[in-house]
Amino acid sequence: MSELLFRLNFLLLLLLSCVSLASSFFSFNDPVVGLGACGPHQIQAFTQFKNEFDTHACNHSDSLNGVWCDNSTGAVMKLRLRACLSGTLKSNSSLFQFHQLRHLYLSYNNFTPSSIPSEFGMLNKLEVLFMSTGGFLGQVPSSFSNLSMLSALLLHHNELTGSLSFVRNLRKLTILDVSHNHFSGTLNPNSSLFELHNLAYLDLGSNNFTSSSLPYEFGNLNKLELLDVSSNSFFGQVPPTISNLTQLTELYLPLNDFTGSLPLVQNLTKLSILHLSDNHFSGTIPSSLFTMPFLSYLDLGGNNLSGSIEVPNSSLSSRLENLNLGENHFEGKIIEPISKLINLKELHLSFLNTSYPINLKLFSSLKYLLLLDLSGGWISQASLSLDSYIPSTLEALLLKHCNISVFPNILKTLPNLEFIALSTNKISGKIPEWLWSLPRLSSVFIEENLFTGFEGSSEILVNSSVRILNLLSNNLEGALPHLPLSVNYFSARNNRYGGDIPLSICSRRSLVFLDLSYNNFTGPIPPCPSNFLILNLRKNNLEGSIPDTYYADAPLRSLDVGYNRLTGKLPRSLLNCSALQFLSVDHNGIKDTFPFSLKALPKLQVLILHSNNFYGPLSPPNQGSLGFPELRILEIAGNKFTGSLPPDFFENWKASSLTMNEDQGLYMVYNKVVYGTYYFTSLEAIDLQYKGLSMEQNRVLSSSATIDFSGNRLEGEIPESIGLLKALIALNLSNNAFTGHIPLSLANLKKIESLDLSSNQLSGTIPNGIGTLSFLAYMNVSHNQLNGEIPQGTQITGQPKSSFEGNAGLCGLPLQESCFGTNAPPAQHPKEEEEEEEEEEQVLNWKGVGIGYGVGVLLGLAIAQLIASYKPEWLVFLFQSRNH
């Protein structure tokens, strides 16, 4: 069973135990579900509480949601409203009138991002509090220390910051999960955390904790059964006191910077999961690890382990089912000893850099093997032939980056195969016809090879069972074959396909992700764009207009039709796509006015209209300011927009006004199908005038924002309200007709890296505040009517003089015109200037400008259906693996 399933089952058992122990009061006054047993004041308070929120998302048939009251006193004892509420949880909420409340479940609600009200401290009889995935941010209020009766506290998957000082006095806690937040700081030996001696489940994973070593005091929490400190910044050696935790069944330390030998865990005889991947552990693997009595999951991948692998003969009785030794530096023969672990179901040996070819026959003893990952290895070509042998039980085989040049016929012998990854090899010719007849084949990743086509007719894929098919970056040409009837996810990005996109695409009702970008397709866009969550047709030769067929609540999240030959207007029915987040129609011939109506789309974050024939004003007539609630990237360069921008133009751009610390932002990559540490990614791309160069960018930190209005006919003053957009990293207003002064408020853009105001009619001086912008790497104010001395500051004086030329009244470095009547010395040696410009180019790609979202959100329904048919033993693990 995979790590994730282990954890879910373990947490469920603990919660049941917690509820049982924490709810002894039920024994004399059993709570009654529904409002019938509730007192009138409690009914009124509950009604008021629900009225504070939008409850349309509530599943009223969910028997687990509801309110429970004490049959004797009428007091609300338990309240469970999971995935039910939308709105703001305010400090004066009626919730805080339930002073007898013992159990409160508010996870997975759509709360407006805000801090946790300190009034929770008034509910001092709480024993169970679940507030995970609720959008909470900021520090946990100190009033939480009043909740001394708490036995279970779940705050995971929020945006919480600060330290764990709020756990002071919570000495009855048995379950504490604060994972996937932004808690930070050093865990000192005197931390309140180490006073929680009843803890059985402690998850600190995916935060920003740090320490020169894991505190020895963890060894004092000797009731722990699960400990997770993964994805933090711990470094140094794991203390020997970890061996005191003799009740541990699961230990997770991956994705830190631990060094030294592997931790001493031989005493932890109850251990079933040991996850130590992606650290800097060195030395050899103790052979005793392979004979621990209950250990079923061992992940040591991505370390600096070396030496030989020794598996005792007694390991034949080992319970080890999941083993990851990939990305280490072992020596000698490693497959032979591993073949003794006959109960293995999942084996990951990727990127071991063996000095000899791996013969697949060596795995013949592993009769229960479901998943085998040999990516990055040197595979014996002979062992890939039909005459070789590999366990027929295999459901997943990964042979990426293996320098394979011939399609492995051994796949014919695997009737249970569901997942095959042959990515980034050198396989040429046609994809064999027999592959599509494998009865259970569901996911095929053969991107980045040299395939030219398919054996068989254009109908060869239609009746296959494949749901995910990735053909990215091959040499496929001709007409696109008809896709499988069952397909959910298809990418043929970056090939040579041509002709019309077949209309049969529209009949594939389960197809939610389609990427045909970077090909040579001609003709119209198929008339069914509403069918998709993600549709990417970028850089083809498509003609006609974008179909205006988006029905109400169409599921579309991302539409990219940039770099085609499209004409007509932007579809008005796009307003029906309430889930739309990314829209790019750049580099076409669309002739239309600015789509003011799109500001009604609540989730739109990226809007790219670059290089079309859009025209008219940017100020919405009689509609107030141009406010987009979530917009972060607006790229309208190279059009014919006219008019001026009113002073309040940027006032209601809420998302661009917010700023986060960089470690709080998430790189969000569009179109990602996650198979644990294995990803298939198709990035949304945009072209941006960024730091003086035109380039294609693929990613953006989701907490950043960019604006490009260059190459239009805009006039008037630049609004001072631009200074409200504190998340801006790039602003390009060049090649317009702006007049007046450079706004003083630009000094408020503390995150700005690229500022281009060139080729306008700006006058006055350059504000001194711009010289204080410490992240400003590129600045261009050339060809205006500026005067006075150029502000001095590292970020400005380091710019090339071309950034200030064409302003007759400017003086001072880096120009040679002195402000004191004599020529200024050269700003820098020409060679140094060239080196600086070269260095500037090298840093351009440190942070891309584009946006995307994991398909864990975008393709949840489609992939959930897919997962439901898979055996979780290997598939769920794949959701935990590393990206190669």
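From the backbone N, Cα and C atoms, a Cβ is placed for every residue, glycine too.
For Asn71 (N-linked glycosylation site), the number of other Cβ atoms no farther than 10 Å from its own Cβ, over all displayed protein chains, is 16. What Swiss-Prot records for Asn71 (among others) is N-linked glycosylation site.
What Swiss-Prot lists as N-linked glycosylation site is Asn146 (among others). With a cut-off of 8 Å between CB atoms and residues at least 6 apart in sequence, the same chain places Gly121, Met122, Asn124, Asn169 near Asn146 (N-linked glycosylation site), listed in sequence order.
According to DSSP, Asn190 (N-linked glycosylation site) sits in a coil region rather than a helix or strand. Other C-beta atoms found within 10 angstroms of the C-beta of Asn190 (N-linked glycosylation site) number 10, with every protein chain shown included. Positions annotated as N-linked glycosylation site by Swiss-Prot, on the basis of sequence analysis: Asn190 (among others).
Reduced to three states, the DSSP call for Asn244 (N-linked glycosylation site) is helix. Here Swiss-Prot flags Asn244 (among others) as N-linked glycosylation site, drawing on sequence analysis.
For Asn304 (N-linked glycosylation site), applying a Cβ distance below 8 Å and a minimum sequence separation of six or more within one chain yields His280, Phe281, Ser282, Asn328, His329. The N-linked glycosylation site annotation in Swiss-Prot covers Asn304 (among others).
Here Swiss-Prot flags Asn313 (among others) as N-linked glycosylation site. Within 10 Å of the C-beta of Asn313 (N-linked glycosylation site) there are 8 other C-beta atoms, taking all protein chains into account.
Contacts of Asn353 (N-linked glycosylation site) defined by a Cβ separation under 8 A and a same-chain sequence distance of 6+ are given as His329, Gly376, in order along the sequence. Annotation note: Asn353 (N-linked glycosylation site) sits in a coil segment as assigned by DSSP. Under the heading N-linked glycosylation site, Swiss-Prot lists Asn353 (among others).
Feature annotation from Swiss-Prot assigns N-linked glycosylation site to Asn403 (among others); the stated evidence is sequence analysis. Annotation note: Asn403 (N-linked glycosylation site) sits in a coil segment as assigned by DSSP. When Cβ atoms from all protein chains are considered, those within 10 Å of Asn403 (N-linked glycosylation site) total 13, not counting its own.
What Swiss-Prot lists as N-linked glycosylation site is Asn463 (among others), and the listing cites sequence analysis. Under 8 Å, Cβ to Cβ, and six or more positions away along its own chain, Asn463 (N-linked glycosylation site) finds Trp436, Pro484, Leu485.
Per Swiss-Prot, N-linked glycosylation site is recorded for Asn520 (among others), and the stated evidence type is sequence analysis. All protein chains considered, the CB of Asn520 (N-linked glycosylation site) has 13 other CB atoms within 10 Å.
The N-linked glycosylation site annotation in Swiss-Prot covers Asn576 (among others) and rests on sequence analysis. For Asn576 (N-linked glycosylation site), the same-chain residues lying six or more positions away in sequence with a CB closer than 8 A to its CB are Tyr550, Tyr551, Ala552, Asp553, Ala554.
Summarising the annotation, Swiss-Prot assigns N-linked glycosylation site to Asn732 (among others) and lists sequence analysis as the type of evidence. Every protein chain shown contributes to the tally, and the Cβ of Asn732 (N-linked glycosylation site) ends up with 25 other Cβ atoms within 10 Å. Asn732 (N-linked glycosylation site) falls within a strand when secondary structure is assigned with DSSP.
The annotation repeat 'LRR 1' is assigned in Swiss-Prot to 98-122. Residues of the same chain lying 6 or more positions beyond the ends of the repeat 'LRR 1' (98-122) and with a Cβ under 8 Å from any Cβ of it are 19, 22-23, 25, 42, 45, 57, 68, 70, 73, 75-92, 128-147, 149, 154, 159-160.
Remote same-chain partners of the repeat 'LRR 2' (124-146), defined as residues 6 or more beyond its termini with a Cβ less than 8 Å from a stretch Cβ, comprise 18-19, 22-23, 82, 89, 99-118, 152-162, 165-170, 177. Annotated repeat 'LRR 2' per Swiss-Prot: 124-146, in sequence order, evidence recorded as sequence analysis.
The helix, strand and coil residue counts that DSSP assigns across the repeat 'LRR 5' (197-223) are 5 helix, 7 strand, 15 coil. What Swiss-Prot records for 197-223 is repeat 'LRR 5'.
Here Swiss-Prot flags 225-245 as repeat 'LRR 6', drawing on sequence analysis.
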Same chain only, sequence gap of 6 or more: which residues have a CB within under 8 Å of the CB of Asn244 (N-linked glycosylation site)? Gly219, Asn220, Asn222
Which one is it, among the glycosylation sites Asn71, Asn313, Asn520, that lies nearest to Asn732 (N-linked glycosylation site) by Cα separation? Asn520
So of all those glycosylation sites, Asn71, Asn190, Asn313, Asn520, which one's Cα sits nearest to Asn403 (N-linked glycosylation site)? Asn520
Can you see whether DSSP assigns Asn576 (N-linked glycosylation site) to helix, strand or coil? helix
Where Asn71 (N-linked glycosylation site) and Asn190 (N-linked glycosylation site) are concerned, what is their Cα separation in Å, rounded? 44
The average per-residue pLDDT within the repeat 'LRR 2' (124-146) comes out at 96
At the level of the C-alpha atoms, what whole-angstrom distance separates Asn190 (N-linked glycosylation site) and Asn313 (N-linked glycosylation site)? 45
Going by DSSP assignments with H, G and I as helix and E and B as strand, what are the residue counts for the repeat 'LRR 23' (628-652)? 0 helix, 8 strand, 17 coil
